[in-house]
Amino acid sequence: MESNVHIPILLNEVLSAFNLKETDVVIDLTLGRAGHSQEMLKKIPKGLLIGIDKDKSAITFSKEKLEQIGSNFKLFHSDFSKISDLLKELKISKVNAILIDLGISSPQIDNANRGFSYNKESRLDMRMNLDQKLDAHFIVNSYSEEQLKNLLYRNAEIKNSRQIAKIITSNRPIETTLQLSVILKKYLPAFIVRKKDPSKAVFQALRVEVNDEINSLNFLLKNLVSILEENGKVAIITFNSIEDRIVKKYFGSFIKDDVLAFLPTKKEKEFEVKTYLPSKKELEENPRSKSAKMRVLKKIER
């Protein structure tokens with residue numbers, strides 16, 4: 001059974017960074033269970049909240065939650081990379097705040113049937129969007145050893161990716177999450193297993209591949225700033241070093257000073273970036289926030 005309890009990560013930091021006005025237009029590109037969106041909607045009684053999620057169950061659940069607060073929201077079952085098309089459909093050109101939480105929601109992890117957790121028995125799945133065909137079962141049982149090696153390194157920077165790819169291909173068919181987890185622990189050297197459960201990184205790599213997460217993020221970032229109003233902000237919460245490097249590089253490209261230091265006139269600053277980490281209190285109350293980092297890009301008013 002799926003738990004609907006989800007504690008939004010860095011909620012206070014999101015609200016503080018956005019400092020929303022009552023007429024603002026806000027986009028939550030990773031709606032989830034509307035943990036962030038519920039609180040943002042309360043801040044914009046005369047504005048508009050736009051929520052997007054790949055997971056239909058997230059849309060259904062969030063709609064009921066948000067309706068208890070107001071009616072000034074629109075929800076879409078879609079990939080966040082489609083935001084430009086959705087805004088055109090809504091005839092909106094600029095927004096005041098954009099939130100992207102790249103973490104998987106607690107209900108998805110806790111629902112054994114979704115196949116995201118290496119601690120719960122389930123058919124290998126890991127699809128955010130249950131309408132798509134590609135799932136973890138197909139990847140684990142059909143990809144070549146070379147393909148598996150590449151995705152394990154590309155999506156989770158697993159150093160012994162070739163060794164793990166060989167273990168997987170040598171033990172097919174692999175049907176379930178726990179079966180894969182047991183195989184990894186059985187055939188990898190004991191010192192590796194003792195140091196860190198190898199399933200964590202392998203499951204991350206598979207999930208990223210199934211949902212095309214890196215490509216979707218890169219595509220999204222291309223046009224994100226163009227839809228920001230002046231003083232608008234983009235907040236992106238990441239949970240691993242690969243995502244964070246992508247976001248850091250993207251945000252950094254807007255604050256890099258291309259004007260030589262010795263010139264008498266410097267280019268006026270157009271953007272600023274701030275970084276936030278979970279507080280000690282949040283870490284104690286929600287251990288899943290441990291690896292979270294939020295970067296916020298602000299478009300400065302000219």
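Cβ coordinates are placed from backbone N, Cα and C, and glycine is handled just like the others.
From a predicted model like this one, the values you see are computed outputs, not experimental measurements.
Swiss-Prot annotations:
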{"type": "BINDING", "residues": "Ala34, Gly35, His36, Asp53, Phe80, Asp101, Gln108", "note": "S-adenosyl-L-methionine binding site"}
{"type": "COMPBIAS", "residues": "290-302", "note": "compositional bias 'Basic residues'"}
{"type": "REGION", "residues": "283-302", "note": "region 'Disordered'"}
Phe80 (S-adenosyl-L-methionine binding site) CB neighbourhood, other CB atoms within 10 A: 23
Around the Cβ of Asp53 (S-adenosyl-L-methionine binding site), the count of other Cβ atoms that are within 10 Å: 26
Coarse DSSP state, helix versus strand versus coil, of Ala34 (S-adenosyl-L-methionine binding site): coil
Cβ neighbour count within 10 Å of Gly35 (S-adenosyl-L-methionine binding site): 21
All-chain count of other Cβ atoms within 10 Å of Asp101 (S-adenosyl-L-methionine binding site): 24
Close in space, distant in sequence - Ala34 (S-adenosyl-L-methionine binding site), Cβ under 8 Å, 6 or more apart: Asp28, Gly51, Ala58, Phe61, Ser62, Lys65, Leu66
Surrounding CB atoms that lie within 10 Å of the CB of Gln108 (S-adenosyl-L-methionine binding site), all protein chains: 23
Under 8 Å by Cβ from His36 (S-adenosyl-L-methionine binding site), counting only residues of that chain that are 6 or more apart: Pro8, Leu11, Val14, Asp28, Leu99, Asp101
Mapped DSSP class for Asp53 (S-adenosyl-L-methionine binding site), helix or strand or coil: strand
Site extent for S-adenosyl-L-methionine (largest Cα pair distance over Ala34, Gly35, His36, Asp53, Phe80, Asp101, Gln108, Å): 18
